[in-house]
Amino acid sequence: MQETLITQINKERLPKHIAVIMDGNGRWAKEKGQDRLYGHFHGVESVRSIVEGTAELGISYLTLYAFSTENWDRPVKEVEGLIALLVDSIRKEVPTLNKNNIRLHVIGDLSMLPDFARNELNEALEMTSTNTGLNLILALSYSSRWELTNAVKQIGLDVKAGKIDPENINQDTIQQYLATSEFPDPELMIRTSGEYRISNFLLYQLAYAELYFTNTRWPDFRKEHLYEALIDFQSRERRFGKTGQQIQEEKQLA
Ligand code: IPE
Ligand code: IPE
Ligand code: MG
């Protein structure tokens, strides 16, 4: 199935940036009579598959929502298990990231993390910092409202310090103060597990993203599911507020 699906993807019209809300680990585990952490553990295999699939296609940016600001409110045992799993997986994956020229980035409030986790993360960021292939962005202890609050605060401070003139604030200014300032906006956002919401993820950046929802739970998500999402993405007409006729005319001119 995988082989035939990949041949249906137009390599000329791939998104540069895909963002994924990796959801459904807990339910996947419960359905198997297991502890929620068992689901998170199996979710790591899906991450490997999707990172590999994205890199193989030559896509430049992949953002994975791994842990939200609100996820800190889960039971302590789950939070600790998740952080330990994240740190452990990152440590184990660094050689593979380097082998595949993948650069790791993190967006989120890292001050919330325990020291050992932050240190491990910083080490992994450093060890992959010269890689020039896929940019793998982990959203960790991340939420859009945290990010936007931070951006507004920083802009205010820079106005006060005389570094920027409030009259000159425009959309580019805002972009520069986001945690994602180095990355283009995602064109495709995938959420697994049959939930149809954004859950505080990249609210500003997803303004014109195509949204793709699948019932597949994250631990079951593999490359072929990614291919299905890409084929669906390529069937859509992205109008950016214009009319369909304008878009067709622009296509003919190009
Ligand atoms: C996604 O799976 C992983 C994280 C949020 C860390 P969930 O843990 O949310 O699983 P469900 O949605 O409860 O099934
Ligand atoms: C969103 O999933 C966060 C991550 C996938 C890391 P949640 O499971 O936390 O979202 P809600 O609570 O269902 O909206
Ligand atoms: Mg969930």
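Just so you know, glycine gets a Cβ as well, placed from its N, Cα and C.
For reference, TrEMBL has these:
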ACT_SITE  Asp23  active site
BINDING   Asp23, Glu210  Mg(2+) binding site
BINDING   24-28, Arg36, His40, 68-70, Trp72, Arg74, Arg191, 197-199  substrate binding site
ACT_SITE  Asn71  active site, proton acceptor
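All features noted in TrEMBL, drawn onto the structure.
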residue: Asp23; record: active site; Cβ contacts under 8 Å, 6 or more apart: Arg191, Thr192, Ser193, Glu195, Ser199, Arg217, Trp218
residue: Gly24; record: substrate binding site; Cβ contacts under 8 Å, 6 or more apart: Gly39, Thr192, Ser193, Gly194, Glu195, Thr216, Arg217, Trp218, Pro219
residue: Gly26; record: substrate binding site; Cβ contacts under 8 Å, 6 or more apart: Arg36, Gly39, His40
residue: Trp28; record: substrate binding site; Cβ contacts under 8 Å, 6 or more apart: Gly39, His42, Ser193, Arg217, Trp218, Pro219, Asp220
residue: Thr69; record: substrate binding site; Cβ contacts under 8 Å, 6 or more apart: Gly108, Asp109, Met112, Ser141, Tyr142, Ser143, Arg145, Trp146, Asn200
residue: Asn71; record: active site, proton acceptor; Cβ contacts under 8 Å, 6 or more apart: Val79, Leu82
residue: Trp72; record: substrate binding site; Cβ contacts under 8 Å, 6 or more apart: Val79, Met112, Ser141
residue: Ile198; record: substrate binding site; Cβ contacts under 8 Å, 6 or more apart: Ile21, Leu206
residue: Glu210; record: Mg(2+) binding site; Cβ contacts under 8 Å, 6 or more apart: Glu187, Leu188, Met189, Phe233, Arg236, Arg238
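Selection of the recorded positions Asp23, Gly24, Gly26, Trp72, Ile198 by a Cβ distance under 6 Å from ligand 1 yields, in sequence order, Asp23, Gly24, Gly26.
For ligand 3, the nearby recorded positions are Asp23; that is, of Asp23, Trp28, Arg191, these have a C-beta under 6 Å from one of its atoms.
Checked against ligand 2, the recorded positions Asp23, His40, Asn71, Trp72, Arg191 give Asp23, Asn71 in sequence order as having a Cβ less than 6 Å away from one of its atoms.
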